[in-house]
Amino acid sequence: MTVAFLGLGNMGGPMAANLVAAGEQVTGYDPVAEAAATAGERGVTVVSSPAAAAAGASVVITMLPSGKHVLDLYREIVPAAAPGTLFLDCSTIEVADARAAAELAEQAGHLAVDAPVSGGVVGAQAGTLTFMIGGRPAAYGAAEPYLRHLGSRFVHCGESGAGQAAKICNNLILGVSMVAVSEAFALGQRLGLTDQALFDVASTASGQCWALTTNCPVPGPVPGSPANRDYQGGFASGLMLKDLRLAQAAAEATGADTALARHATELYAGFVAEDGPARDFSAIVTTLREHG
Ligand code: NAD
């Protein structure tokens, strides 16, 4: 029983390594030679095509950049997979693409779940990811033993696409709340309030939220937050923008009114264009403090 792992990048590489460490036989593929070589050093059997990785596998795990990558790959390998193969997509992609991918797999007689994650590269390395899962109960049941090698929290959110829906709704809250916390620090500064004083009040009052108390965007109040190391590490602004855009696409598709998230998306698009995609998303406070 082998596991095929397709997409051995920042997240997929350490996830595949954790499956190997848990005793699974993992066959992997990534078109980027460096990613493939690093996975090989960690015990993954690296092959030269997705089809070669999937041949004979009972589980196919994907960790890819976008819905297009996932759908293109499923179209290629689903028809040749052994009957009853479990397709487990951990990428963050559009809800509609997740549903289309699951349909492709299910129509061919396979099991399918969408299982996007939160916890970032650190969680992927430590095996402490949170999984938000969409799919039929039988598919969830088949996926769970593998997910247990990769994460520490699992929420079955509903049918296909429900995992992606939960992920983008959560990250909508995250993007909007980080902008709100950052605006408060920008305004507080102009009012002569120290960052510490605002933190001491808001962190124990009704302004309390993860963006403030764990990922505080200004250096000082929360020593472990990325602001204390020039916003290196953490959750990249480019990924925040990606997830906000996925939320906007879903809002447009369903007619939901997400005015604040739309504005946060515009702010992050401007920030990423100016600052680049790499720094932690809390660095948006630096622009909000400069502008205005
Ligand atoms: P990444 O770019 O480091 O890795 C993606 C890998 O997929 C690349 O190595 C790429 O070469 C490979 N790939 C592309 N096409 C392929 C194909 N046809 N077959 C096999 N491999 C292929 O990205 P990442 O940071 O690992 O993110 C992966 C997914 O996880 C994304 O959907 C992202 O939104 C999501 N995610 C990332 C984080 C994070 O902190 N990095 C956190 C949560 C979720």
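Every residue, even glycine, has its Cβ placed from backbone N, Cα and C.
Database features (TrEMBL):
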| type | residues | note |
| --- | --- | --- |
| ACT_SITE | Lys167 | active site |
| DOMAIN | 2-158 | domain '6-phosphogluconate dehydrogenase NADP-binding' |
| DOMAIN | 161-287 | domain '3-hydroxyisobutyrate dehydrogenase-like NAD-binding' |
Per-residue pLDDT averaged over the domain '6-phosphogluconate dehydrogenase NADP-binding' (2-158), given as an integer:
97
Which residues, sitting 6 or more apart from Lys167 (active site) on the same chain, put a CB under 8 Å from its CB?
Thr92, Pro116, Val117, Ser118, Met132, Asp243
Please state whether DSSP places the residue listed as 'active site' in a helix, a strand or coil.
helix
With helix taken as DSSP H, G or I, strand as E or B and everything else coil, how many residues of the domain '3-hydroxyisobutyrate dehydrogenase-like NAD-binding' (161-287) land in each class?
87 helix, 2 strand, 38 coil
